Amino acid sequence: MSALAELGSLGKKSRGGRPNVKRTYKDNRAAMVFLAPWIVGLVAITVGPMLISLYLSFTDYNLIQDPNWIGTDNFTRMMQDDRFWNSLRVTLTYVIVGVPLQLGLALAVAMALDKGLKGLPFYRSVFYLPSLLGSSVAVAILWKQMFGTSGLVNQLLAMVGITGPGWISDPSTALGSIILLHVWTFGSPMIIFLAGLRQIPGMYYEAAAVDGAGRATRFLKITLPLLSPIIFFNLVLQIIGAFQSFTQAFIVSGGTGGPSDSTMFFTLYLYQRGFGQFDMGYASAMAWVLLVIVGVFTAINFYASKFWVFYDD
Amino acid sequence: MTTESAPRITTDATPPVPGPVRERRPASTTITRRAGYAPSPRQRAKSVLKHAVLIAAAIIMIYPLLWMIASSFRPSADVFRAPGLWLTEVHTENYATGWNALTSPFGTYLLNSALVVLGAVIGNLVSCSLAAYAFARLDFRGKKWMFGAMLVTIMLPIHVVIVPQYILFSQIGWVNTFAPLIVPKFLATDAFFIFLMVQFIRGIPRELDEAARIDGAGHPRIFLQVILPLMTPALATTTIFTFIWTWSDFFGQLIYLTSPDVFTVPVALRSFVDAQSSTDWGAMFAMSVVSLLPVFIAFLVGQKFLVKGIATTGIK
């Protein structure tokens, strides 16, 4: 069961609990020993810092002087900050274009690979490898060269007589180059789809074929519904991950988010404000805005899932 | 020839990593290829076409990486002239130049990265397995909400905690040390691996615990002598993923490592880009290839565990 499904089932069980039966917990002490590192981590590394960052978001703090309470100033400044809105737009574009493209490709390739294909392990490895390497600085450097004015892409285009633009130096194509890098890493959702396709009983397809259902019908009426929990799972995780993208934009733009802020991701702007200008209050406020946005997206996803995700149990 | 066992997603009883169980054949094979029937010429043509398309796609996917490797063995100027993969002669000077291009030889950064990775791997193995045992096997107050909290932290953006963490670590003097990158791993902050191990332990028959308990073993002994030896596949998956992620992690290392003598590979590569904006691409590619090599080796060695790990738990 996936992490998401577990989270969902936790909620369900609590509603049907037995409030009157007094439980005895036989392993309380042992559990505290086994969980001690995790509990310390949860408090000191996760929850504590979260609360502190919530507090800092209402302060003016530069790491040297003590934090100074300024109420909601950071948030009102943010509302008037064009670069903030721009970074939000860039990140949303990246998420809304990049994630569906990546998942669509992952599903298409997974379906092509699923039919007891010869050489499946080879194809799977080749398609999967980029998603392991894609988050590295080295690949971002490669991308910077490839999509430069006289980079690999334009060299190849020149061979067929096309003069390509300077992809990453042109504000209208720079973000697209980075989205392409994201799409290139479709291998890991592909592996999840492959595993999911294996779970669909072959008799469904046989029965449908007997009834004269064509390819499209079989895909729409069998594959999609039965795969929908996995599509949902991929969607939620990839969206959360894509909102946090940082390395590629940072390296490709040399840390500037340029040209003309066209690759100024939300996280990159947050980094510049926090760790470039040491405006920690503003950076904390931005981090909380990010958390809320990611939370809202996830909540919408969960809500919408009621209408399209099909559980076969 | 697809004999590998299909990982399961919807059942929680199956260990996420290879076991002795052979799964059934991929479901949909029964339609296109029935046993005992030779494929018709039309089917054969279709299959050839399909392989042609897949091979073309595979080449497109992998071409940039191959080209980077090829270019690292060419004179730097050729990076902007030679889009092909053929090498007329092999130049290794990019590797020598790149190795010594920064304040320290590149070996220093490789060593620093290796230290961070080693610490992170040990930390994750120890702390996550302890927590996973508690969640999978023990009965304690507050288990349900703690488990829920653990699942939520998997999805929490790192940015909400990074500012105060940075403040905390800078106040105790940990900036420009590896401690901020290693110590949290000993506190099971990569909750993802707890989940992976919980899934695995749930698949180990409880009778084994019971037998040990009848023999007088307490929880520490059951954990160390029964569960831990049986969960080596999950530990292997954790090791490989921690290795690859920590090796490639950039954000954390960028923030905590600002002085060149503690640079790890990603941060060193980044300073390479900055320092050489006019630029020795050949040398930069050479060091990029060096930096990807460990990940590639981990991929070759641990592919089985990577694939199972992703398929069962759905990580990136």
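Placed from the backbone N, Cα and C atoms, the Cβ positions cover glycine too.
Here TrEMBL flags A:12-22 as compositional bias 'Basic residues'.
The domain 'ABC transmembrane type-1' annotation in TrEMBL covers A:84-301.
Here TrEMBL flags A:1-22 as region 'Disordered'.
Positions annotated as transmembrane segment by TrEMBL: A:32-58 (among others). Same-chain neighbours of the transmembrane segment (A:32-58): 67, 69-72, 74-75, 280-281, 284-285, 287-288, counting only residues six or more beyond its ends whose CB sits under 8 Å from a CB of the stretch.
Per TrEMBL, the feature transmembrane segment maps to A:92-113 (among others). When Cβ-Cβ distances below 8 Å are used as the criterion, the transmembrane segment (A:92-113) is approached by residues 120, 123-124, 127, 175, 178-179, 182-183, 185-187, 189-194, 196-197, 219, 223, 227, 231, 234-235, 238-239, 242-243, 245, 265, 297 of the same chain, each at least six residues removed from its ends.
The annotation transmembrane segment is assigned in TrEMBL to A:125-143 (among others).
Taken from TrEMBL, the feature transmembrane segment applies to A:174-197 (among others).
The transmembrane segment annotation in TrEMBL covers A:224-243 (among others). Residues 2, 4-5, 91, 94-95, 98-99, 102-103, 106-107, 182, 189, 192-193, 195-197, 199-200, 204, 266-267, 290, 293-294, 297-298, 301-302, 305, 308-312 of the same chain lie 6+ residues outside the transmembrane segment (A:224-243) yet bring a C-beta within less than 8 angstroms of a C-beta in it.
Panel annotation: around the transmembrane segment (A:283-304), residues 53-54, 56-58, 61, 74-75, 78, 84, 88, 95, 232, 235-236, 239-240, 243, 266-267, 269-271, 273-275 of the same chain, lying at least six beyond its termini, place a Cβ under 8 Å from a Cβ of the stretch. The annotation transmembrane segment is assigned in TrEMBL to A:283-304 (among others).
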